[in-house]
Each structure stands twice: as C-alpha cells, then as structure tokens.
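Swiss-Prot annotations:
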type	residues	note
DOMAIN	28-152	domain 'Cyclin N-terminal'
REGION	262-295	region 'Disordered'
CROSSLNK	269	ubiquitin cross-link
MOD_RES	286	phosphothreonine
C-alpha cells in the first residue's frame, strides 16, 4: 500500500494568543527605558547629511509606506523601517542617489524582524523599477546592520498602543476602532521628520488621543473625555500633559495637511498643470535622483 503524508498546514498565519503578562506595568517600564537607546539624532540633517534634505526623506518615506500597504505588511514594519532609516542617517552621510536603496534595505530588514513571510530582495528591487540590484540591497543590508550595531529590536509607537488600550476600561468594539485609527496616525507620523524628536511612547499616546477625538467616542464613565484621557496617558508614559497635548495637536495638524494635499492632487486643474510640467521636463523612466521620484 502506498503511504501518503497528510498535509494539515493552512495558508493563514498562525498567531500567538494574547498574553496578559506581556501587558503589565513591569514590561511597560522596561519599554519606556529601552526606547531611549534606539532614538535617532534630531539634528542629523544639519550635522551629518550634506545632500539628503527633509523633503527627500518625505518622498522616500511615502514610497516606503505605499510599498508596505500594497504588500499588506504587518503594521509594525513601516515604523520600524523608518527607525532604521533615521538612525542610519544619524550616523552616516548618504548620497541622494542612494536614499531609495537605503529605504528598500530598511524595509527588507524590518520585514524580516516582524513578518512570518518577509519581503524578498527581488520584489523590493521591482518596486524601484529595477534601479537597484538584489546584490546591492544585500550589501547595503550588511552595512545597515553593522552601523546599527545589530540593535534591530527598536521600540516603535505600535509597541505601546496595545499597552494603552489594555489599561482603558472600554468595550472591545471601541478598542478595535481606536487601534485602527491610532495605527494610521502612527504611520502618518513616521513620514514627517518633525516627529523624530518625540519618543515612540508619546507618538503612540498622542495617536490614541487623536483617534478618540476624531471618532467622537463616548463612554458611560466619561473616561474618553479629552482632558481625562490626556492626563491618564501622560501619567502612564511619565510625561507632562502639556507635551502630550502638543504632540496630539501636531498629529491633527499633520492629518489636516495631508488631507488638503490629497484634495489638491485630485483637483483636475492641478493635475493638468502637473502634466504640462512633466512634458516640459524630460525625465528618465527610473529616477536616479530621489527628488525625481514620482510617488
């Protein structure tokens, strides 16, 4: 009789059950201490970089976010990749023509850290219109991890969101909505250089407050009121409530600016003007200068 093996594997990714021990105060205190060790320099554009500008970082960050969204990466991948990028730029001068290679490499490493099935080098090269080769990406990977001293388990705002939600006496339905909106705010903050100066815990807390404010959620015990929630989260992360409010206001201003920019991009007149400009300037199909990247 022919023996056959029965394969019981499924395509869905297996996930661990939530562990309450990982959400206790001792773990949160350790995370608040650890976030200081993986913070990038807030002045690397002035002190380290000679060619790369904040506007170039914005372009590459937006491209990285779109790649992560299209590939349905885990929510943690993009903020972690941006942490790698900012820390590398804090240490090493980078030519503007190599910034997209660095961004792809950061996604490559972050995907390995956070995903069961990580992004491949070949797939990331395709997203650059094959302007880089897999061999270049692997070489940059070695340089990246060495410059970061293999300290790759950096804290990101996503790591704190679950801790905050676990301490909020709210219904699970509300928590799911808040979590989704807060994750969107975290990704948006990662694209803006102004938030480098804020620790991940503050970005996470500000995102949760902004999510609750934007959703206009109400609770029977009034826990979700603006001032009460702000005071509560400021005590959790041990910061001044005014600093947390300032961060939350920055997040809301960034959202408003992004929505305004999206509306302008959808304006037919603006699109026609952009097409006329593209006709006047003959650009290469694969931009070698990051400022020429058309997101």
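Any Cβ shown, glycine's included, is placed from N, Cα and C.
Sorting each residue of the domain 'Cyclin N-terminal' (28-152) by its DSSP state yields 87 helix, 0 strand, 38 coil. Mean pLDDT across the domain 'Cyclin N-terminal' (28-152) comes to 94 in this model.
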